[in-house]
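First comes the structure, then the notes that go with it.
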Amino acid sequence: MEGYNILAVLIILVGVSMGQIPGGWIDANVGDTDVKEAARFATEAQSSRSNSLYHHKLLKIHKARTQVVSGINYEVFIETGTTTCKKSEVPLEDLKRCAVPENGVKHLCQAIVWVQAWIPRTKVTKLECQNKG
């Protein structure tokens, strides 16, 4: 039994010495396809949850991290903008054609998107936004 305790301590120490803790957050590449998808999903959630008449659009991914849980958590720090397209007139699929005015409202958001690909399930578990500048 003592051997298992020593092994557990060694595993934790190796993880800490490598800068990683099992189940901890790991920096992710903002250009990664899965990170981009999580950021897009978070932006759609922001748009649907807001009281604005207009869609929100992803402008930039500033930072991203991942965490292995029962699936993967993607924590994304994103910048979004309020577009000129009304939610009642333009479906989300056509959002690419919607512009964000130069002097329009922009937001900085922190979101956690939980993905369980084998189910499949994607859920925003945290979304906090504030107006930029």
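Just so you know, glycine gets a Cβ as well, placed from its N, Cα and C.
Taken from Swiss-Prot as is:
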- C85-C98: disulfide bond (DISULFID)
- C109-C129: disulfide bond (DISULFID)
- Q20: pyrrolidone carboxylic acid (MOD_RES)
- 67-71: motif 'Secondary area of contact' (MOTIF)
- 1-19: signal peptide (SIGNAL)
- G23: site 'Reactive site' (SITE)
- For the disulfide-bonded residues listed here, C109, C129, which shows the highest count of neighbouring CB atoms within 10 A? C109
- Determine, to the nearest whole angstrom, how far the Cα atom of C98 (disulfide bond) is from the Cα atom of G23 (site 'Reactive site'). 39
- Note on the structure: Note: among disulfide-bonded residues C85, C98, least Cβ-dense neighbourhood at 10 Å is C98
- Item | Residues satisfying Cβ distance under 8 Å from G23 (site 'Reactive site'), sequence separation of at least 6 | Q67, V68, V69
- Note on the structure: DSSP tally for the motif 'Secondary area of contact' (67-71), helix/strand/coil in that order, comes to 0 helix, 4 strand, 1 coil
- Quick note, C85 (disulfide bond) and C109 (disulfide bond): C-alpha atoms separated, nearest Å, by 20
